[in-house]
Structures are given as structure tokens and as C-alpha cells.
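S.K.: Heads up, here are the entries from TrEMBL:
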- 62-210: domain 'Nose resistant-to-fluoxetine protein N-terminal' (DOMAIN)
- 1-28: signal peptide (SIGNAL)
- 220-241: transmembrane segment (TRANSMEM)
- 274-295: transmembrane segment (TRANSMEM)
- 315-342: transmembrane segment (TRANSMEM)
- 362-383: transmembrane segment (TRANSMEM)
- 423-443: transmembrane segment (TRANSMEM)
- 450-473: transmembrane segment (TRANSMEM)
- 493-518: transmembrane segment (TRANSMEM)
- 530-549: transmembrane segment (TRANSMEM)
- 601-622: transmembrane segment (TRANSMEM)
- 642-663: transmembrane segment (TRANSMEM)
Amino acid sequence: MLCFKLDLWTKFAFFVIFLIVTPECGQCSLQEGRDLIGEITTFFTRKFLPIAQDVFFEVDVSSECSGSLLKMVSAMRRREPWALKMLTAGGYVPSGVFFMTLTSLGSYSQCLSTTVQEENVTLFTGQYCGLHVLPNQEVYDGLLDIMEQLGDVKRSAAPPLRYQKDSFYRPGLRLGLCVPSACTAEELGAIVSKVAGRYEQFAEISSCHTQTQDDVRDPIYYFAILLPCFLVFVTVAATMLDQYKINGNPIVKAFSASRNNAQLLSKHRSELTFLHGLKALLAYWIVIGHCYLLIDPYSIFTIKEALDIPKTIFFQIAATGAFTGVTVFFVSSGFVMSYSSLAKKDSTPGLQLYFASIVRRYYRLMIPALVVLAAALSLPYIAHGPLTDAYFKMFTDCKTSWLKIPLEIVNTDSFHQMCLSHYWYLSVDYQIMVLIFPIVIAYRRHPRMMTVCVLLLFFLSGVGIAATTYFMRLLPFMGFNSDQSKIVLLLDYVYFLPTTHIGTVAVGLLTGCLSFKYKDIRIPSHIRTLIWLFTSTIAIVVNVVPVLWYHDLNIPPWADAMYAGIHRHLNALCAAWLLFACSTRNGKTLTKFLSCSPLVFLGKLSFGIYLVHYPILIYFLGINGTQQQMLHSRMVRDSVGVYFISVGVAYVLHLCIEGPVIAGDSLFFKKRRPSESSDLPSSKQAKLKDDIISEELKAVVLSSAAQIKSIYKF
């Protein structure tokens, strides 16, 4: 088999060289080239036909399938255009195999556009299939030995072989085949498996597509398209009725785009306005982290270069550090929860306040999330390509698991089985609120006891993470790893659990209480400077230290466990100081920057940006028909594009959904507001209730990723 491949590809290489060195060839040279092509196709046909006859005899293949395959081979020998079109639409030997380039996708659209007719009757069309070729252990070890001898890829960096179909990532070749549509995916799978088995290798067909299949639409598609259109229509109609004062109904005003836009562009400032700017910056951090970590390994051009990227400081800050951004959002969530609760002295009984708060938080977050879910379900019907099956799995999985989103239990699924995997944050954030909000209610009467509870949660969550990491031998942090199964284990047993993040939310909760209690405190400038230097140093070191794990250092398991248990908590303490300083006017320069109008505008859209950026990024990754290089410049370019496209979509989402939900919530609960009092100055009291209670309590909800599961999801 190896000799056959070398002989064939040697002839093909000589043919390419022949074309390059004879650009001024005449009729004789052209004829020589045609003869060489004929020799190659004849050689290929002579080798293929005996194998095909044996396989067709041993495998249960329909006569239509075997006939179309033999017809294609025969047409290739005669050099018919349609056969050459199908042949050249496939992907064969990837470029840079010794740099671990695993993919040669071919041309998806060229394959599907092929039509074979006979006497004006269509016999079959082109069918694009993904072929996975997995070597046996002996061959795989031999390839790794060669690459290690060349000094390009170390054996320790290569992922282990896995043959299970449910494995998240299996090393091997991912090739594109263009075959007749008369064969089903099952028949083709049986054929390639039989052929590979002859040489003690493993191969399978992952999926097949024809133009007819890609054009199929079902009711889910029409629902996903009509729902956003209906909401836009309602918004436009309500805006016109409001602008021309035709109807003054409060519900009409709630859907008025002009009113929601005015609320979005409001320049009112309060003690917590800086949170908008912080959320805007952190949202971009999440986006760039997902751009790095959500790329399918099979779509990467040279895994060797991808393995070098995590060794850079920029990757640690942009990608691995993005998970720090998630920690800051959890801290901010607890901060706003406690600060806004103390800012309004509510005489409502504790149990009633508890249920009212969790119900309000639920529908204010869930309604926009469900609308985005409905719209995202249309993507598998709109976009098609060689990578869409891999990337769009999270959308197709929604057909059976979408109910877990409104039930707030998305995080109970494994990463590669989740419906919209970035919604894990919504579920975890809500689960933590249900568990921790009683501490907020009880803090007024029992501040010392609740402080002890917060500190216990903070300490125990870190110990639990460290213990889980040590005994299960998990990765110490979220990032890039060639063995994707380790990332999935870390996601399932640590990252997606509310117990992992409840300690950081508790720190934010305590910070909010202290910020409100000591809102007039002024820390001497020299002490502030020392604290800023100390917290900044800790934050930088914690985010850069993971680079050590990418340099093949022999780090013991206890060090893995220690870093896993403390890095989130150290970042949480740094974020807590930032929130305390800005909310008590002890960080005037930073507060002024974070409160500037552009960042405030983007921050108000941050929840919508988080909801929509993930489907947008997955869409662009899915429609890509070529391999992608892991370059910092490319990741920055892609992240900026995805971020600002998400801003535009989030703006429309705010006008049509978020704004009306906020207005409806205010309308429903307006009877409670006159009885509420605040310790804040009366001139700021109303604005604080509208901007902080109505919006900030809802808007400080963002997440990561990736992934990376970057992928991604992380």
C-alpha cells in the first residue's frame, strides 16, 4: 500500500514539476503532459478496480452505489470533465504532514455542483463526505518517532490515539471525498472501513452532504426565521404608534424603539456606572479567548505552530486569561446583588423578597436568551460546508436538549453535548443566586455571621477545586491542550459546577456590602498606590504563570492542585479591590475611564453581546472551507470583527427584547417603588433605582468559554 502511494504521488510530483519548468511548452510538450495524466489515471484505475471488486463482493453495497463508483472510475480513465471535477474536489494529502497538519478538506461547493446526466436524465450528483483515517498504534508511534527525530514535534505534545466515536478529538487525517450521491453514508462507511482494515488501519465516514439535502428545510427553520422577523415588526409598529401618539398604552411604549434607544443612550451617572465600562472590556476579553480556543483541531493548519502559540505571554493574557474575565463577572454579579439590595431599604418580608428577586432575575435573563436560541437554530439550515457538522453540533443538539436552557441546568451536560454551550454561565450564575441570595437578605440583621459564611464559602470552594484536581489528575487551569479529552474532564468536573464559582460570587457579595457601608471612606494616596501595585502584580503573575505548563516542565501534581485551587480566588480578590476602589471614589482615574460614554454604551449591551457572539463566531468558523493558521494577528482581527458584529446584533436585540423586558418589569413592579426608601441622596435615588436595580442587576451577566471545551467551549 505504501509503495503504491509513493509510486503514484511520485509520478504526480514529476507531472507538477513538468508543468512548472516548461511554461513555454509547445504542442509536443502539451501532448506529453496529457500522456502523463493518462498514465496516472490508468495506474490509479488498475490499482483500484481489483480492490473495488473484492470490497463490493464482501460488503453489502447496492447495485446503484457500486455501479456509480465504477462509472466514476471508468470516466476518470477516459478523462471526462465531470469525473475530473469530482476527483479534484476531494482532499487528499495535507500540506505539512510532519508539522501535524491533519486536514485536507477539498472543495465542498465544487463537489456538490457536479451533475452526471445521460440522455438528459440525471444519474447522480456529487456528494461530499468527511473521511476520518486513523492509524494503528504502530504506525502512529512511527510517525511520532520521525517527527521527534526531525525536532519539530515532541512525542509528549502529541495527543493519544482514540478510536471511540464519542471521543471529542481523535488524532488522524480528516479528508474530503467527492463521491456519487447514489451511495449512502452507511455504504461508503462500510467500504472505507473494509479497505482500511486490509492494511490494519481504521477509517470511517463522518457525514455526507448533497445539494438536495442542504436545501431541505423543516418547521424549526421557519420558526427560527419568523420569530425575529415578528419581533422586529412589533418593535417597528410600536415605535410608530408611540411616535405619532396614536396609542399611549404602556405596553406599546415598552416596545417603542425610540424609548428603549433613549434609555440605552442615557448619560446619567451613578456610583456604579463604571461597571458598564468594565463589562464592555471584559466582554471583548471573552470574545478573543473564544476565538483562540474554539477552533476545531482538524481545521488548524499545522498543529506544530498551534502548539507553539500557548508558549507566548500574549496567549496567556488573551486566551487563558479570558477565564479570569469570567471570574471577574462572577465577582461583579455578587457585588451588584448585595450593593443594590442594601441601597434600597425594602420592608418586604425576607421570603417574599427572595422569591420575587429570583423570579425577576429569571425572566429578565431567560427571555432574551430563548430568543437568541430560537434564532441560532436556523444556522444549520443557512450555512453549509466541510466543517459545519463539527461546529454546528451544538445547534443540532438543541433539538433534544433545548429544555435544559429554561430549566437552568445547561451545565449538567458534557461540553460536547450541550445546547449552546456558552449558556452554562447563565445556569451556573442563576444556581448560585438561588443558593447565596439568603445571605444577602440576612446580612442586614446578622452581618458578622454572614461574613463568616462568605469566608467559609470562599475557602471551601478553593479547597474543593484543589482536592478534585489532585485526586482526578485534572488540568490545573482552562487553556489549550492537544489531548482535548483532558479539557472536557476539567469542564465537566470543575469549571461547569456552581461550587467552583460560588466562592468568587461570595467575595463580590461581601465587597458590595463593604462598599456600601464605607462608601464615603477616603484611603490615603500612598496606601492606595501600594494596594494597586500589589493587586496588579498578583493579577499579572497569576495570568502569566500558566506559560510554565507549556514548556514541558516536570510540575508535580500537588503544584497543579495548588494553582487550580488559588488562581481564581486570587483573581477574585484583585477584582474585589477594583470594585471597592471605583465604587468608593478611591480610583478616580480608572472610574472616569470606565464611565466614559462609549464604554457605558457597550457595557449596557454586554449581556446581549455575550448571548450572540458565540453563535456568530461558530457561524464564521463553520462556513470556513480551508485550514486556519493559529496566528496572533489573525485571532485579534477575527475577535474585533466578531465583537463589533455582536454589538450590532445586540443593539437590535436590546431594542426588540431586552428593552421591552426591562420596561415591562418596571411596569409590573412600579407599585412597590413608592414605598422604597434609600440611604442615597434624594437627587440620585430615583436614578439609582432605575439604572442600578432595573438594569445592572440584570446586565452583569457574562461568560466565557471555550471553547475552548475552546474551544471553546473552551
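Yeah, the Cβs are placed from backbone N, Cα and C, and that goes for glycine too.
Whatever TrEMBL says is automated annotation, not expert-curated.
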S.K.: Return yes if the transmembrane segment (362-383) and the transmembrane segment (220-241) have at least 3 CB pairs under 8 Å (sequence gap of 6 or more), otherwise no.
M.R.: yes
S.K.: Given the model, what does the mean pLDDT over the domain 'Nose resistant-to-fluoxetine protein N-terminal' (62-210) come out as?
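M.R.: Over the domain 'Nose resistant-to-fluoxetine protein N-terminal' (62-210), the predicted model scores a mean pLDDT of 83.
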S.K.: Do the transmembrane segment (315-342) and the transmembrane segment (450-473) share at least 3 Cβ pairs closer than 8 Å, excluding pairs fewer than 6 residues apart in sequence?
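M.R.: Since fewer than 3 Cβ pairs under 8 Å link them, the transmembrane segment (315-342) and the transmembrane segment (450-473) do not come into contact.
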S.K.: Across the domain 'Nose resistant-to-fluoxetine protein N-terminal' (62-210), what are the DSSP residue counts per state (helix, strand, coil)?
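M.R.: Each residue of the domain 'Nose resistant-to-fluoxetine protein N-terminal' (62-210) counted once, the result is 63 helix, 36 strand, 50 coil.
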S.K.: Six or more residues out from either end of the transmembrane segment (493-518), which same-chain residues have a Cβ under 8 Å from its Cβ atoms?
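M.R.: Contacts with the transmembrane segment (493-518): 327, 330-340, 342-343, 411, 415, 424, 428, 431-432, 435-436, 439-440, 443, 447, 451, 453-455, 457-462, 464-465, 468-469, 472, 474, 478, 564, 568-569, 571-573, 575-576, 579-580, 583-584, 714.
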S.K.: Return yes if the transmembrane segment (601-622) and the transmembrane segment (642-663) have at least 3 CB pairs under 8 Å (sequence gap of 6 or more), otherwise no.
M.R.: yes
S.K.: Using a threshold of three or more Cβ pairs below 8 Å, and leaving out pairs closer than 6 in sequence, do the transmembrane segment (530-549) and the transmembrane segment (274-295) count as in contact?
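M.R.: When sequence-distant Cβ pairs are counted, the transmembrane segment (530-549) does not touch the transmembrane segment (274-295), since fewer than 3 lie under 8 Å.
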S.K.: Residues sitting near the transmembrane segment (642-663): Cβ under 8 Å, six or more positions beyond its termini, same chain?
M.R.: 228, 231-232, 234-235, 253-255, 257, 259-261, 263-264, 283-284, 287, 291, 363-364, 367-368, 371-372, 602, 604-605, 607-609, 611-613, 616-617, 620, 694-695, 698
